[in-house]
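Student: One structure coming up, written as structure tokens, with questions to follow.
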């Protein structure tokens, strides 16, 4: 029987993506919402700090090993914003569309050559709430920000993140291509490999 692992997210898009990406880890993955665990307050100043806050929070509430990620969009012309504030860029209760609207407004008039950006992801695994040696993996996906939304797949900033060499936005990529290329896919591949080593898989 596979060991259970709690996934520290209530974001439906992220849960769906991570369940696919970590499915080879040898663990049975349970979203924290299924266990009645509320979202942790993300008070960290970095992606690593926020990912650890979420993972330890889920482990403490569930008594299970936990995995969490923190990720965001860094836009060169905005000095790296929205960064760790990506999910709340337009305010605490902002929707994906609200955040995209604010981003496009901030980049209004910025020419294509200055719209470089990257998605960054830090993914962590803690064995329990007292784990002093968490596993940490990172991924980075370079691209640039388009002037309009394109595509209906994915979530977050995917409709305005243009993927080099494809002519597509992240929201237009087939899921298997996105999982292979993305920041989250990169981090998950590293972490899944380490988890398989832990479980002997």
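For all residues, glycine too, the Cβ spot is worked out from N, Cα and C.
Copied straight from Swiss-Prot:
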ACT_SITE  70  active site, proton acceptor
BINDING   9, 10, 11, 12, 13, 14, 71, 155, 156, 157, 158, 178, 183, 184  substrate binding site
BINDING   41, 70  Mg(2+) binding site
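Let's see these features in context: how buried, what's close, how far.
Tutor: Secondary structure at residue 70 (active site, proton acceptor), as computed by DSSP, is strand. Within the same chain, residues at least 6 positions away in sequence whose Cβ sits under 8 Å from that of residue 70 (active site, proton acceptor) are 42, 44, 47, 48, 49, 50, 51, 54, 84, 121, 122.
Within the same chain, the residues at least 6 positions away from residue 71 (substrate binding site) whose Cβ sits under 8 Å from its Cβ are 47, 86, 119, 120, 121, 122, 183, 184, listed in sequence order.
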Student: Just name the winner among 13, 156 (the binding-site residues) by count of other CB atoms within 10 A of its CB.
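Tutor: Counting every other Cβ within 10 Å of each candidate, the maximum falls on 156.
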Student: About how far apart, in whole Å, are the alpha carbons (Cα) of residue 41 (Mg(2+) binding site) and residue 11 (substrate binding site)?
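Tutor: Answer for this pair: 14 Å between alpha carbons.
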Student: Far apart in sequence but close in space: which same-chain residues, 6 or more away, have a Cβ under 8 Å from residue 11 (substrate binding site)?
Tutor: 155
